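Encoded as structure tokens, the structure appears first; notes follow it.
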Number of protein chains: 4
Amino acid sequence: MLEEIKDLELLSTCHAEDKFHDECGVFGIFLNEYEDDCEAARTTFYGLYALQHRGQESAGIAVSNGHEIQLHKGMGLITEVIKPDHIKKLKGRLSIGHVRYSTTGMSNVVNTQPLVFHYLNGMLALAHNGNLVNTVELRKRLATYGSVFQTTSDTEVVANLLARYSQDNKIEDALARCIMDAKGAFALLIMTEDRLVGVRDPMGIRPLCIGELNGNYILASESAALDTVGATLIRDVNPGEIVVIDQDGLHSRQVIDSPRRAHCIFEYIYFARPDSTIDQVNVYQARREMGRQLARECNIDADMVISVPDSGTSSALGYAEEAGLPFEEGLMKNRYVGRTFIQPTQKMRELGVKLKLNAIEEVVCGKRIIMVDDSIVRGTTSKKIVQMLREAGATEVHMVVASPPTRFPCYYGIDTSRREELIASTMDETEIEKFIGADSLHYLSMEAMFAAMKSSEDTFCSACFSGKYPMEIET
Amino acid sequence: MLEEIKDLELLSTCHAEDKFHDECGVFGIFLNEYEDDCEAARTTFYGLYALQHRGQESAGIAVSNGHEIQLHKGMGLITEVIKPDHIKKLKGRLSIGHVRYSTTGMSNVVNTQPLVFHYLNGMLALAHNGNLVNTVELRKRLATYGSVFQTTSDTEVVANLLARYSQDNKIEDALARCIMDAKGAFALLIMTEDRLVGVRDPMGIRPLCIGELNGNYILASESAALDTVGATLIRDVNPGEIVVIDQDGLHSRQVIDSPRRAHCIFEYIYFARPDSTIDQVNVYQARREMGRQLARECNIDADMVISVPDSGTSSALGYAEEAGLPFEEGLMKNRYVGRTFIQPTQKMRELGVKLKLNAIEEVVCGKRIIMVDDSIVRGTTSKKIVQMLREAGATEVHMVVASPPTRFPCYYGIDTSRREELIASTMDETEIEKFIGADSLHYLSMEAMFAAMKSSEDTFCSACFSGKYPMEIET
Amino acid sequence: MLEEIKDLELLSTCHAEDKFHDECGVFGIFLNEYEDDCEAARTTFYGLYALQHRGQESAGIAVSNGHEIQLHKGMGLITEVIKPDHIKKLKGRLSIGHVRYSTTGMSNVVNTQPLVFHYLNGMLALAHNGNLVNTVELRKRLATYGSVFQTTSDTEVVANLLARYSQDNKIEDALARCIMDAKGAFALLIMTEDRLVGVRDPMGIRPLCIGELNGNYILASESAALDTVGATLIRDVNPGEIVVIDQDGLHSRQVIDSPRRAHCIFEYIYFARPDSTIDQVNVYQARREMGRQLARECNIDADMVISVPDSGTSSALGYAEEAGLPFEEGLMKNRYVGRTFIQPTQKMRELGVKLKLNAIEEVVCGKRIIMVDDSIVRGTTSKKIVQMLREAGATEVHMVVASPPTRFPCYYGIDTSRREELIASTMDETEIEKFIGADSLHYLSMEAMFAAMKSSEDTFCSACFSGKYPMEIET
Amino acid sequence: MLEEIKDLELLSTCHAEDKFHDECGVFGIFLNEYEDDCEAARTTFYGLYALQHRGQESAGIAVSNGHEIQLHKGMGLITEVIKPDHIKKLKGRLSIGHVRYSTTGMSNVVNTQPLVFHYLNGMLALAHNGNLVNTVELRKRLATYGSVFQTTSDTEVVANLLARYSQDNKIEDALARCIMDAKGAFALLIMTEDRLVGVRDPMGIRPLCIGELNGNYILASESAALDTVGATLIRDVNPGEIVVIDQDGLHSRQVIDSPRRAHCIFEYIYFARPDSTIDQVNVYQARREMGRQLARECNIDADMVISVPDSGTSSALGYAEEAGLPFEEGLMKNRYVGRTFIQPTQKMRELGVKLKLNAIEEVVCGKRIIMVDDSIVRGTTSKKIVQMLREAGATEVHMVVASPPTRFPCYYGIDTSRREELIASTMDETEIEKFIGADSLHYLSMEAMFAAMKSSEDTFCSACFSGKYPMEIET
């Protein structure tokens, strides 16, 4: 097990994507009608497969047959962790699953999800996307009552709260009390022996939607997972809403009704799949529109627009369209990036990014290039790409970024690196431009970003740009 | 992970040793002087290596560096789970370790030990050999207070009790209250950030001893583990005693002083290594003496004594010596019994035991054989061995068993199969003799067994023979 | 080892890309100056990493330290087969490597490359991309002389020929004789203890190019591998040329000078990386031009152009540009396609392609779509994508293919499926259009394809379209 | 794959048994009647399982279905290499298998056996136990004819000879010519599509016997493998005899009739299982008799006899019986010696042998001990055991060795360490006695050894004692 973790460490060292990292993806299903006993697990497998981009560190599936919950999980991709033989053993009509990218560095098998607990009234499985901001306080409070914790995950905190509140209560009542206590961002799935429950934090920071497949309900982090399993998107879970699915169907309870929404704007910029629609906005269209807005804000005289693939492509297409410039594939990505890595020699280390990206000299040589990326985190990769384009003969390289400068860390479930590593928190735009060696550098403005989203600032959490956190953080 | 479990299932199906199975082995060390940061973990590794016979299903080591506890564990033998790279990361001067054979069939990674918990006052690691008999009651009581359980192990119950009792207390005080609540058999190691604690149940059912190595204290299930790491046996932990080892040395507290001792007699008959000395009695000598007693009780006219290797050899040597008969190696064991297995054809299935044992025709042909085994559980293996000896030409096969008939299940941490599978609980000796096809069958009497132990019945738990359980069992 | 092969079988069943498959990629380097003893192996590792798209079934690296050749190879991706510890042991200044996709189904470890042989004059390592068409005849001839074969690969045949011809000869002389005997397509690297030799078949069917890195020579299947390791493309190896690299530099010998060139046209259409330049033509630009040609040949009234990612994107961009239509990302690809797979339920099986591709309803709904793909093999995937687009609301779906219909199998090292599986060999275009359910279907004409290549028919092998094989095939 | 080899290297460093190592075990079967298509492979699996002591480094099974030969092999124990899924695919009525311990250090997957070859007349699988002494000459001769070699094994040399001689011949005729050319020790199994062939070298150095199971013939290195699968020993293959098994039964041809026999005496002393009978002598009885002879030659006043388990036990029992002394188990062996190992600390390194053996203080304390071992190679282990016994309180330790001093290396397939490592080749008995720290040291004399075997010197190869090699060695 630790072997794999070491490999992942190597990965994060060598492949460092210079991007924010999402934390998790969740998927759950309650079957009323089913072909065979493994259908719930199998559908969850495919759902997680579609959500793999939200976490590649560990994966797991729990099922309930009405009496008992069974679990299989481990380190790795869902296809590495769950094999056909495992699916055969995961029998039951309810299932929840989880893919994980750890925010804290405590990446080991004990922190993989779903977590399964025995409590007073039976068994509980939990799968959580998000991050509580008052975990220390809650752990301390629970510990004084005698609670013990085997993991460092806030999901275990939620489970202990649930157990404590469920003495005489149904799980949804206990859960309603929990979400009063738990501050932070969460899209949480809970499975008891006979019920599937979903809840979304009061501001709707992390996404969670409801789907339907042949009369069966599904809960998933993104609508693309619904498409993949052939289900239809019904609606998003509302911020502060608890959704209970049992054999009588879907029941909703609006526990908290916050006027402030705070949907994570970075889901649209980078995290979510372009083919997902979150809180009624399609991600691809949002990105393309951000590209168009960007073109309106910049006014660069150039020969062509290229993107840093794959995440910059949608906005680059929007930019090219708006600017009336040709879009070209000036950078090619190696599609077979592995998970372990040989340390490069000193000479090669300087090349670095070439292992993943390569400039096409025939395309860029002698040309004035506008290069679109979705965001800049540390700036080191951007610097190398600009250099690569110049070496391939580009006469000008203008870097345009389809989001504002990322200056502040996220406390709501996203791994944003430490603040001092965020280039935009220590340098102004002129300094960054100089650092990355571009002829010019342009970020999307906050206003243009919200305009692209066709919505206002107070619908979103954009704290990573503005530092205005929608709720207080435990220190 | 589950792959390995599947293999283990195959193993238990195909290799079924027709023996009782021990549950666990524990080993802990507190270093005052040490060569390097990994010495505690390395010594624990070797200690567990010497205790591997007590559990081959999972293994784990936890260390503390004074501030924090780290853990590595997994399914498999200690040499499969702990690799050199793991040892390098397990830095700290305290360490506890565990090897496990599951009694309950819940053999998965979540039940591996040591278990590590965060609680009010810091961190706790637990390694447990034994079985509580009032777990259901304790879990229920704890659950009403809001406790949740991630495993099915009673060790987690103990951890929750400890956490609950340690609000304002030192760990040893909390532990003293725990062992008032916890009924059953246990030899338990607890490690905090800076202390190593050992406790043995009030009747001393499961073994635990104290050793010393270069001024450092060790706690271990068997003295053979002390020998292996070069340590010296100081004494056994007393029944009902808590032993605390910290940088000031070893502190003892006698919490409960039970007049009744109940040392597991089966440790001497089969479980423990012959080179261990438990509660002042050397296992090899006990077995050899049981063989002598057996020879005195039987009076069989035969040509030679052979043993069912390896566990029957010590008593067979005692028998041969007492009976004045030559001891011969009439049965040879394949030393390379693997852990997975190919299903045999029907023809081969009948042979069965030949994969592990083979009779030497040149030795047994035309001879009257006394075959000594340490115990009979289901009798199926004995039947096949008798048949094998006859096919090799033995004219008579007398089976003598160096223990009384095993008629009752164990509730104190030993996997004894279900009662209906114990041949002696459904058949009398004549029927068993007929079933296994021996010319005669002889068991050691209870009296002779205690005589061999040079002690009285009320020093031992011999409930598997007598049904007289030293304490009540939760139903 | 066979486990992995089973997984690959599953892969080919479930993920069947409905594409032709390339056979292999090769990379070799001779270092005159080097930082450390593992630099040759490490550079080869990175070179193969850049060539991974040419074969994902097995990988291997051989090095020579001047006296002896060492080898490490296995089933899997290069990053799975070669770990840091292996690189450390692969010391030497010469290295060749290989990635493989098997054409014949004999996918096992014995057929992995490089192959290493001891022969009269020392040791030989061979890495081969291509396929001989007179293997049966050559094997038979060699066998009558007493040769034995441990693999089914034609590379072993070449090694035996080489050994037979090198009695009194230098390896390049023996090789010159070999390529008189060996009919077919080949780009072959041979490493002796102190020389790196490359040869390309007389018509140049398979690609092989020469690069330079800090004064050291490299041979590689594609120039993108040179870019990745920081090297510069010098030129392609000429058809029929033997290139010998030793400590005195690069020596060339033109063994056969065929007037007919037959560069594989499918390298440009699908196999090679867009950022490679092969025989002076950049692949991306060739594809984009094929898209433009296609737009000129078609005259479709539509709202947008989309591509089947990733291979259809370059030509789709060319098409959109020429047609003056917007290019949109109407289909999204799951970037985390694993290598093992859970069998879908019947319901899901119908969905099939959704695991890899998803239509963006917001983009395509209500729109008339031109969908560009690089080629059609069996047509089953195309059919599902068309259906998916219709279900997402597209009002018209016109499929345009940036190559002519593939009607004939390849015998020169490409896995083209059996002829009866090639939809265009059993249906005419109207039938195919109906089969895939498109509103219209358009293929690129042969003339337009050669126009896009700015060259004539007799420069290329386009037998998969025309059935005109540049050389006879053994039956 | 290389990972496992590294582990094996660690093993040989840390566990160094201080014993000679056997090279290989072979097993083959031809089924006329069978339950299912996998029965031949399954029976071979069990046969190899019984021969595992002859080689733990790699294992493999080849089967023929009459038309084609299939193979599965790999590094590791037979139970690690061959899994149930592999057996299912190994269909055919003929099968041969191999377990291997490499003599030369070239321990990698390419040298695993069986080796399978295509040659002029079809396919050949070979499994070889032994060592040719004129390989260099044969390889050179074959290479001048154009042969290439992919392995360093002499089995590949035999295969090339066979191919060369089988132009117009049946395999057994070609084989007859081969064994004229091939000097050395060999017990070789060859499988064609429809025949199983066995051959033993002209002096019968390595063992090979014929068994019968339900009318089907078996060839195996040792009779214990026959017992394990339920077969009956018919006879040994004669030195210089070729045995052909096909659907018409067993055919024999005596190719060479050498007056000199040279059965390896070390098979009886250490290599073979005690339950095997080789060339009409049962191994256990031979060892016991050697112990008796030893007791007659020594005249030691002592309290008890103990053995170094397991290999010294049979002769220790013979010694004790003859000397009229009690046999005790004074040394206990850890039965769970793993295959990888943690490097011990300096302190522990001195203990060393304690990881495998432990003295029982209660048995040996205050006693005068005769310790019997089968042989001494380097003497380092003996030295540590003597020291261990003294530390446990033994007042005298007399080491008696049930074989003569091993002074000369073996060239016939046994790994004897280099000559300078053989303690008896550099020290006389007095020096060895002093080195190992025993009160006295006694070896069995050559005369007594042959007396125990009830045969004369010229029946055996005892070159490792005498340096009189039965045939010349290539220098």
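Including glycine, each Cβ sits where the backbone N, Cα and C put it.
Source: prediction; values computed, not measured.
Sequence annotations record features per position, and here TrEMBL assigns domain 'Glutamine amidotransferase type-2' to C:24-248.
Look at C:Cys24 (active site, nucleophile): DSSP puts it in a strand. Cβ neighbours within 10 Å of C:Cys24 (active site, nucleophile), excluding its own Cβ and spanning all shown chains: 26. As annotated by TrEMBL, active site, nucleophile applies to C:Cys24.
TrEMBL lists C:Cys264, C:Cys410, C:Cys461, C:Cys464 with the feature [4Fe-4S] cluster binding site. Its own atom aside, the Cβ of C:Cys464 ([4Fe-4S] cluster binding site) has 28 Cβ atoms within 10 angstroms in the protein chains shown. C:Cys464 ([4Fe-4S] cluster binding site) falls within a helix when secondary structure is assigned with DSSP.
Residues annotated as Mg(2+) binding site in TrEMBL: C:Ser311, C:Asp373, C:Asp374. In sequence order, C:Ile269, C:Tyr270, C:Arg287, C:Val308, C:Ser311, C:Gly312, C:Ser315, C:Val401, C:Ala402, C:Ser403 are the residues of the chain that are 6 or more apart from C:Asp374 (Mg(2+) binding site) and have a CB within less than 8 Å of its CB.
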- Query: In the same chain, outside C:Ser311, C:Asp373, C:Asp374, whose C-beta lies within 8 angstroms of the Cβ mean position for the Mg(2+) site?
  - Reply: C:Lys19, C:Ile269, C:Tyr270, C:Ser307, C:Val308, C:Gly312, C:Ser315, C:Val372, C:Ser375, C:Val401, C:Ala402
- Message: What's the number of neighbouring CB atoms sitting within 10 A of the CB on C:Cys461 ([4Fe-4S] cluster binding site)?
- Response: 29
- Per residue, counting other C-beta atoms within 10 angstroms of the C-beta, which of the binding-site residues C:Cys264, C:Ser311, C:Asp373 reaches the highest number? C:Cys264
- Message: Counting across all protein chains present, how many other Cβ atoms fall within 10 Å of the Cβ of C:Cys410 ([4Fe-4S] cluster binding site)?
- Response: 22
- Note on the structure: Other than C:Cys264, C:Cys410, C:Cys461, C:Cys464, the chain contributes near [4Fe-4S] cluster (Cβ within 8 Å of their centroid) the residues C:Ile205, C:Ile265, C:Phe266, C:Tyr412, C:Ile414, C:Ser462, C:Ala463
- Message: Helix, strand or coil for C:Cys410 ([4Fe-4S] cluster binding site)? Use DSSP.
- Response: coil
- Whole-number mean pLDDT, the domain 'Glutamine amidotransferase type-2' (C:24-248), equals 91
- Students should find that the Cα atoms of C:Cys464 ([4Fe-4S] cluster binding site) and C:Cys24 (active site, nucleophile) sit apart, in Å rounded to an integer, by 18
- C:Asp373 (Mg(2+) binding site) in three-state DSSP notation: strand
- Inter-residue C-alpha distance, C:Cys410 ([4Fe-4S] cluster binding site) and C:Cys24 (active site, nucleophile) (nearest angstrom): 15
- Residue pair C:Cys461 ([4Fe-4S] cluster binding site), C:Cys24 (active site, nucleophile) - Cα distance, angstrom, rounded: 18
- Message: In whole Å, how far does the CA atom of C:Asp373 (Mg(2+) binding site) lie from that of C:Cys264 ([4Fe-4S] cluster binding site)?
- Response: 19
- Taking the Cα atoms as reference points, how far is C:Cys24 (active site, nucleophile) from C:Cys264 ([4Fe-4S] cluster binding site) in Å? 14
